[in-house]
Amino acid sequence: MTVDLLLGLQWGDEGKGKIVDVLTSKYDIIARFQGGPNAGHTLEFDGIKHVLRTIPSGIFHKNNINIIGNGVVIDPVVFKTEVDGLAKFNLDLKSKLIISRKAHLILPTHRLLDAASEASKGKAKIGSTLKGIGPTYMDKTGRNGIRVGDIELVDFKEKYRALANKHEEMIKFYDVSIQYNLAELEKEFFEAIEDLKKLDFIDSEEYLHQAQKAGKSILCEGAQGSLLDVDFGTYPFVTSSNTTAAGACTGLGIAPNKIKEVYGIFKAYTTRVGSGPFPTEDFEDAGTTMAKVGNEFGSVTGRQRRCGWLDLVALKYAVQINGVTQLMMMKGDVLSGFETLKVCTSYKYKGQEIAHLPYNIEPENIEPVYTEFKGWKADLTGMSSYDELPKELKDYIDFIEKEVEVPIKIVSVGPDRKQTITK
C-alpha cells in the first residue's frame, strides 16, 4: 500500500498535470483533493494538448481509477463540457471516474455572486477567475452548501431553489450591475446535473480506506500552488481552499501518517497570474522572454502570467510547510539562451536581510537579494538523459538542492510527457 502526494510549490501553473500523467502508470488510483474549475492541468502527448479542470490527470491511462474528492468543488456545467471533450478518446468514464458525495456543487448563482463581489472591489480586486469558487467555499464553511450527494435526494431542487434565492438577495447588496438570465443558466445547470448522475457517487473516505487495506497505490493530486493556500499563501490574494499537503488529508479523508512521498513541483523560474505580491517579478526583457518562450498564458483564463526569477525564499517555505521529500523542476528548457540567470536567496526587509517569508511581502517592504549564475545556450528539448544536460544547468540544479535540502528527481525539458528526464 502506497499513498503519495503531488502538489505545486509556487503560485500554481507549475506543471503538475504533466507530472501526474508521467507518474500515473505507477498508481492504481489518482485522487484530486481540492480546488475547482478555476485551475487547469495541462497534459501534452502525441502532439495533442489536453486541459483538465476538474477531472484528475490520470484519466488518459487505462488501468487506474480517478476520484474527485470531497475537498473539490464541482461546476456541473463546466464538468459536462470537460466530459464531452473527452468523448473522442473513447474513455470508459463510467468505470474510470468516480465522485465523492461530499464534494460541493457550484451553482449558477455562485458565479454571479463571484462576479458581483469582484466588481464591487474596484481597484482592490484580488484577480478572481469568476468561476464561483470563493462563494461555493463560503457556503461550505457557512454550512449552507449543496453537495453531490444531495442530487440523490428527492428534495434536491427545493434545496437548490432555497440557496439560489438566498444568493439573489445577496447580489442586491452589492452596488454593481451585472447582466444575467438566470432561467437560461438554470436550464443549463439541471441538464448538466442529469449528465453528472450517469457517474458513480461514492463515500470516498471509505472507498480510499478499503483501497489502502487492499494494498492499492494512491496518488493524491493537488491543484493551484502552495503560495495560493488560503492559510499559508499571500493572503488575501489566494484561492479559497488548502492547497498544501494538509489539504489532501481533509480533502480525501486520508490520515497524515499514511502519506509516504510528497512530490513538490516547481518551475525553474517563477510565475503568477492575477493580482498579488511577487517579489522576483521581472518587468524587463527577462520576464518578457520567459512569458513568450514558456507560453505563459493561463490554461483556463487565458490571462498572461507575470514572470520572474526563481525565489528560493518562497520555495524553501513551501517545501517546509508541505514536508516535501522529492522535487521536480519544470520548464528548464525555457531558460536556455539567457547569458545570466538570477536566483533570489534572501530578502532585504525593514533594514535587515532575512531568509524566510515574512507576513507582508508587498513590494514596498521587500527587496530581493540575488545570486547570479552563468546561463546556457543549448536547446534542451531533445535531450533524454541527465548526462546530456549542460554543466551550467547542472550547477543551477545543484545549488537549488543544497539550498532547499531536498533532491530534484525530475527535470522537465518540454511539454510532452516524453520530454522528462529522471535524475
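Using the three backbone atoms N, Cα and C, a Cβ is placed for every residue, glycine included.
Listed in Swiss-Prot:
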ACT_SITE  Asp13  active site, proton acceptor
ACT_SITE  His41  active site, proton donor
BINDING   12-18, 40-42, Arg305, 331-333, 412-414  GTP binding site
BINDING   Asp13, Gly40  Mg(2+) binding site
BINDING   Asp13, Glu14, Gly15, Lys16, Asn38, Ala39, Gly40, His41, Thr129, Arg143, Gln224, Thr239, Arg303  IMP binding site
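Under DSSP, Lys18 (GTP binding site) is assigned to a helix (H, G or I) in the three-state scheme. For Asp13 (active site, proton acceptor), the nearest of the binding-site residues Thr129, Gln224, Gly332, Val413 in terms of C-alpha separation is Gln224. Gln224 (IMP binding site) has Gly12 as its nearest neighbour among the binding-site residues Gly12, Lys18, Gly332, going by CA to CA distance.
Counting every protein chain shown, the number of other Cβ atoms lying within 10 Å of the Cβ of Gln224 (IMP binding site) is 27. The two recorded residues, Thr129 (IMP binding site) and Gly12 (GTP binding site), show a Cα separation of 13 Å.
Closest by Cα distance to Arg303 (IMP binding site), from the binding-site residues Gly12, Gly332, Val413, is Gly12. Secondary structure at Gly332 (GTP binding site), taken from DSSP and collapsed to helix, strand or coil, is helix. With the fewest other C-beta atoms within 10 Å around its C-beta, Thr129 stands out among the binding-site residues Asn38, Thr129.
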